[in-house]
Amino acid sequence: MIPFILILASALCVKGVINKTRARLAGRKGCRFFQPLLTVGVLLGKGEIYSTSSTWLTRVAPAVYLASALAAALLLPLGVFPAVVSFDGDFILFAYLLAFGKLALVLAAMESGSSFQGMGSAREVLFSMLVEPCFFLLVGTLAMVTGCGSFSAIFAKFDNMSVNLLMLSLILAYGFLNVALVENGRVPVDDTRTHLELTMVHEAMVLDLSGVDLAFVQMGSWLKLSIWGMLAVNALIPARTTGWPLILWFAAAMTAYGAVIGLIESLMARNRMTKNATYLVTVSAIGLLGFTVAFVLMTSGL
Amino acid sequence: MTIGDIFPFLTLGSLLVFAAPGTRFKGITAAVVIAAGAVVAVIAGVTAIVLPEATGGSTGWLPGLDALGGVFALAVAVSGTACAVYAVGYMPGHAKGKSGAQTGLHFASLVTLFYSMLGVVRATDAYGFLFWWELMTLSSFVLVMFDAQRKEVLHAAAGYLVLMHIGFFMLLGGFAATEGGTAFFAGQGMTVPAFLLLLAGFGMKAGIFPLHMWLPVAHPAAPSHVSALMSGVMIKMGVYGILRAALALTPEALAAMGALIFALGAVTAVFGIARAAVQTDLKRLLAYSSVENIGIVSIGIGLGTLGRSMGSDFIAYAGFGGALLHVLGHANYKTMLFLGAGSVVAAAHHRDMNRLGGLMRRMPVTGTLFLLATLAICTAPGLVGFTSEFVLFDGLFGAVARGELVAASAAGIVALALTGGLTLMTFTKAFGITFLGNPRSCAARDAREANATMLAAQALPLAGILAGTLLYPYLVLENADALFGARYYAVPTIDTMITVEWIMGGLALFSGLLLGLKRWLNRRASAVPLRRPTWGCAFTVPSKRMQYTASSYNRELQTMWGERGAERQVRELAEEEIFPAGHTFSTEDKDSTARAVTRWFAGGLRRWTARLALFQTGKTNHYVLHALVLLILILVLSLCGAL
């Protein structure tokens, strides 16, 4: 239960960390730390406007999106703290739960019948398709190194304190960070703050949502941000830590995760849309690199 | 209890159809005959799987049906019934202007196709097998060319017939080759040459890359219930053959052939779905997606065979088990998708998605059913599509975790992951562009909901999609011993699936709570939500033509691969007119692989026949000489005792 609560708690903060980092690097004071929460609070008090071309799908989809992110969060452990639900192959369910939420959101977007939403959906599914092999390869690497079949068992057993595996741990964390950037629509794949609809990916999909629906989608996005962060954190935290030190490690690593995203967003420009495919294949190559390194380490008798 | 041979049923049923008056009654007769067979097939199939020793040989419900055949009989029964019932509602509208004999022939062929598939899975010798196989090809050929007045239909049907017969001769060769026939039915001792011939022959039916060229041509040409039956189960007969041949392989051939099937499967899956993702024709998209699913099944068969070669029960269990689960699941949801596409085509008169749209509000039930099948094919957890993919992924990850077959498993994981992502892309397009948004043509705007019979038929496979998540693992994985002789019960998959169902139940409940919360937050607003046109970037006259189309949806995917070979543009301009009045513009998809294979084959054939044309001089005296030479040859040979 502890990892789940930690994910929920960090979901409320990561966005603030990113904003603060970005503001500080730009020499601004920045908005309040919990400003995203206040924005969503305002949205929760508003009513929705639905497109004339929409059906029940648009009304249900945001709730399904949030619920599926929450269900995926149930499957994540933190080091030796096991996940709420855990079974052999739970990472497959994890990937498909997030895909299910995405499917719901894509269909809701396409219901609006606008080309912006169509554009956003097409890009979103294309990018997540290209990054999916990376996620599975990274998890496959972990499964190979530990010989286990579920997230909880893998991260409880993943011993990154030996010299060889420390390197692997860094590659994995970097890989998960990249998957997180793509799945959450952050720079360099997508820019959440872009003002031009033609260059939007994730934001274009939710253009026609309003009120409570938009609030649900925002909350789902926070959750996804910290879910993917949780994977990177799990790869990084030292093995065999437990109790309060583990929670402190988590807090430190999660803050670092937010700070790194903020840093990337301050220092890098968004890719040209046509270059994204190449970039994403490179991300998958990181997964393959991790896998190959682990394979060589395993066969050379480690 | 024995029902005896099914052949009387078949002849009786086919003739009954001709006797019935009118299209509707012909359809009802065919549906009743098929449903009767389906009930027998379901009972026989399930008993054959669950109690294999009690039904072995000729004592079961269907003589000759073993556990493996039972799985396929189950798939045939569900899809066959759904398609036959659908035809009752669909054909009266579709068969306008056809004579009673034509519709009679159509329904008789439908009955024949259904029973010949059951015949294939229970054949116990090569003659019986090839007889039913050929009958299956011929009856499906008649079904495909129902609309033979259209040129492309005739073309597709003829191509189908030719390709299937090339495949047939390969099967013949495979059965005739050393140990081919006996090994296939005895389940042991299959040699490599015989297996390769059988793989090519069965692969032709199943649509394994690069022999898939008939699928995307024949499926759009056939009436929708025929495409559904062919795509849902008939191509699975090829899988049945491959599976049986792979299970019969000699121990020394297992590793190489397993790797071959695995690699072919991975290529077929990625290729099929990548082609499907760029289609704009709804039925052709579904046809390519069937190619992809056959690829996934082949990955499973290959993995199972590889597992067998290494003596790893776990890998064999996951591979074969995943393949069989995928066969059952795909038969359900692909039937549903094709039937849904049929209703769309019947209502909106277009297969081109660029001319559809907004059908969810005009055909809510068809749309909802299509959505459920879409969710299943996109492997939404809690539906049947997830089960098979889960077992396959679990097998691949398990192999990696055990340190066996690491490189191959990693390749399989990447292929399956890419396939999964592209499936999401393909089917959000198929559903989103067809059913959501606003209509892109007048025909789509005026579309009406399909009739009750068609809806009921479309809803029939839903039972499999919902119940199959738990039922199919029980049937296939708990009886893995009888099916493919591999046992592995560390954690029964069915337990995992129950956990997944609980999570999905929780997800549904929580979504419901969120919707309740939304209603509570909106309590002060009016009961009817505010409806406004979609925001069009402050553009004052937004047009329905400005929506994203199917072509635009896959635009970036196409640019990723480069424009080459993506599509061919067809312009038709009236040239003789000084002021050209109307002109048409269309883009046509081009499958360069299928084209290359066909061209290579046809080119080779032409070259060889050109050489033989040496003898065709056109002079009578030469022909007389040929006859004389032949006679002398016969005389000499018989004198030598060679004849």
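Cβ from N, Cα, C; glycine included.
TrEMBL lists B:124-399 with the feature domain 'NADH:quinone oxidoreductase/Mrp antiporter transmembrane'.
Sequence annotations record features per position, and here TrEMBL assigns transmembrane segment to B:6-23 (among others).
Counting residues 6+ beyond its ends, the transmembrane segment (B:71-91) has Cβ neighbours under 8 Å at 23-24, 27-28, 30-31, 34-35, 37-39, 41-42, 44-46, 48-49, 62, 65, 103, 106-107, 110, 114, 117-118, 121-122, 223-226, 228-229, 232-233, 236-237, 240, 324, 327-328, 331-332, 335-336, 339, 342-343, 346, 450-454, 456-458, 460-461, 463-464, 475-476, 483 in the same chain. Taken from TrEMBL, the feature transmembrane segment covers B:71-91 (among others).
Remote same-chain partners of the transmembrane segment (B:103-121), defined as residues 6 or more beyond its termini with a Cβ less than 8 Å from a stretch Cβ, comprise 6-7, 9-10, 13-15, 17-18, 20, 23, 26-27, 29-30, 33-34, 37-38, 41, 62, 65, 69-70, 72-73, 76, 80, 83-84, 87, 91, 95, 128-129, 131-133, 135-136, 139-140, 142-143, 146, 225-226, 229, 233-234, 237, 240. Residues or ranges marked as transmembrane segment in TrEMBL: B:103-121 (among others).
Look at TrEMBL and you will find B:127-146 (among others) tagged as transmembrane segment. Outside the transmembrane segment (B:127-146) by six or more residues, the chain places 95, 98, 102, 105-106, 109-110, 112-113, 116-117, 119-120, 153-154, 156-157, 160-161, 164-165, 168, 171-172, 175, 184-185, 218, 221-223, 226, 229-230, 234, 237 with a CB less than 8 A from a CB of the stretch.
Under the heading transmembrane segment, TrEMBL lists B:158-177 (among others).
The transmembrane segment annotation in TrEMBL covers B:183-204 (among others).
According to TrEMBL, the transmembrane segment annotation covers B:253-273 (among others).
Annotated transmembrane segment per TrEMBL: B:285-307 (among others), in sequence order.
The transmembrane segment annotation in TrEMBL covers B:369-393 (among others). Distant neighbours of the transmembrane segment (B:369-393): 289, 296, 299-300, 303, 318-319, 321-323, 325-326, 328-330, 332-334, 336-337, 340-341, 344, 412-413, 416, 420, 423-424, 427-428, 430-431, 434-435, 455, 458-459, 461-462, 464-466, 468-469, 472-473, 477, 493, 496-497, 500-501, 503-505; these residues of the same chain sit at least 6 beyond its ends, with a Cβ under 8 Å from one of its Cβ atoms.
Residues or ranges marked as transmembrane segment in TrEMBL: B:405-431 (among others).
Residues or ranges marked as transmembrane segment by TrEMBL: B:496-517 (among others).
Under the heading transmembrane segment, TrEMBL lists B:623-642 (among others).
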Six or more residues out from either end of the transmembrane segment (B:405-431), which same-chain residues have a Cβ under 8 Å from its Cβ atoms?
-> 259, 262, 266, 269-270, 273-274, 276-277, 282, 285-286, 289, 292, 295-296, 299, 303, 306-307, 310, 315, 337, 353, 370-371, 374, 377-379, 389, 392-393, 396-397, 399, 550, 553-554, 557
